[in-house]
Amino acid sequence: MVSLASSQVIEICKDAAGIAGNIFAFGLFLSPMPTFMRIMRNQSTEQFSGLPYIYGLLNCLICAWYGTPLVSPDNLLVTSVNSVGAVFQLAYIVLYVMYTEKEKKFRMFGWILAVFGLFAIIVIGSLFILELELRRVIIGTLSCASLISMFASPLLIINLVIRTRSVEFMPFCLSLSSFLMSASFLLYGIFSFDPFIYVPNGIGTLLGVVQLLLFAHYRNSSREDSAEGLIVSYS
């Protein structure tokens with residue numbers, strides 16, 4: 001009886017953490033909006049790169065596949081957040097292609113085909129693995145590696161903040177959303193006993209704390225007018 005009650009409490013906590021993570025993720029998905037408003041206003045992608053959104057799309061697709069019942073049980077909240085993330089990333093890519101130069105258009109189309117081709121290989125290849133646990137381990141390892149590399153991308157921003165002693169290129173809302181989402185899915189992974197979720201999100205939570213501490217330390221030395229020349233993409 002006690003064991004049943006404990007498992008129910010854990011399940012409720014897990015669902016609450018997953019729902020919170022889905023909500024906080026919207027802050028990350030919306031973070032590139034100012035950049036794309038500038039692109040649409042200027043009718044040009046200028047020196048901005050579209051590759052972060054290509055990588056973000058691939059990351060979301062892999063993680064969404066990991067959350068499906070065909071790979072791991074009872075992880076639909078992982079699929080939902082990454083499915084929404086994939087839609088956002090694809091929308092940003094379409095906008096980028098609309099306003100970029102002709103040469104870059106063909107290059108972006110090539111990257112898009114490569115992403116969906118690689119994802120198709122991952123999905124079809126994993127379905128040939130009949131043992132569900134082995135399939136979960138392989139796809140989980142891929143999603144874990146993808147998430148860790150994504151969470152490592154703020155290291156460049158952290159280095160920039162320390163060098164310039166300014167948080168001009170590290171928006172507070174983005175750092176806070178990243179921390180809250182990572183912390184939520186860290187708890188979700190712990191309650192799920194799933195290392196493929198709590199390990200990368202634990203790293204993301206730690207990096208989020210570092211960013212918030214840096215923001216608190218350097219915010220007074222930052223310039224009031226923030227430049228828009230740096231794109232940071234999360235998914």
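Keep in mind that glycine also has a Cβ here, set from the backbone N, Cα and C atoms.
Values in this document were obtained by computation on a predicted structure and should not be read as measured data.
The transmembrane segment annotation in TrEMBL covers 16-36 (among others).
Taken from TrEMBL, the feature transmembrane segment covers 48-68 (among others). If you look at the transmembrane segment (48-68), the same-chain residues 6 or more away from its ends with a CB under 8 A from one of its CBs are 32, 35, 39, 75-80, 82-83, 85-86, 89-90, 92-93, 96-97, 100, 104, 108, 111-112, 115, 118-119, 122-123, 126, 136, 139-140, 142-143, 146-147, 150, 153, 196, 231-235.
The feature transmembrane segment is assigned by TrEMBL to 80-99 (among others).
What TrEMBL records for 111-130 (among others) is transmembrane segment.
Among the features that TrEMBL reports, transmembrane segment is placed at 136-162 (among others).
Proximity of distant same-chain residues to the transmembrane segment (169-191), defined by a Cβ-Cβ separation under 8 Å and at least 6 residues beyond the stretch ends, is recorded for 10-11, 13-14, 17-18, 20-21, 24-28, 31, 77-78, 151, 154, 157-158, 160-161, 197-199, 201-202, 204-205, 207-209, 211-212, 214-215, 219, 226-227, 230, 232, 234. Annotation comment: TrEMBL describes 169-191 (among others) as transmembrane segment.
Long-range contacts of the transmembrane segment (197-216) within the same chain, counting only residues at least 6 positions beyond its ends with a Cβ under 8 Å from a Cβ of the stretch, are 75, 78, 143-144, 147-148, 151-152, 154-155, 157-158, 161-162, 167, 170, 172, 175-176, 178-183, 185-186, 188-190. Residues or ranges marked as transmembrane segment in TrEMBL: 197-216 (among others).
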Practice item. State the residues, same chain only, that lie 6 or more residues beyond the ends of the transmembrane segment (80-99) and have a CB under 8 A from a CB inside it; answer 'none' if no residue qualifies. Key: 18, 21-22, 25-26, 28-30, 32, 36, 39-40, 43-45, 48, 50, 53-54, 56-57, 59-61, 63-64, 67, 105, 108-109, 112, 233, 235
Study note, to complete from the structure: Beyond a gap of at least 6 residues from its ends, the CB atoms lying under 8 Å from the transmembrane segment (136-162) belong to 52, 55-56, 58-59, 62-63, 65-66, 71-72, 122, 126, 129, 169-170, 178, 182, 194-196, 199-201, 203-204, 207, 210-211, 214, 218, 230, 232-235
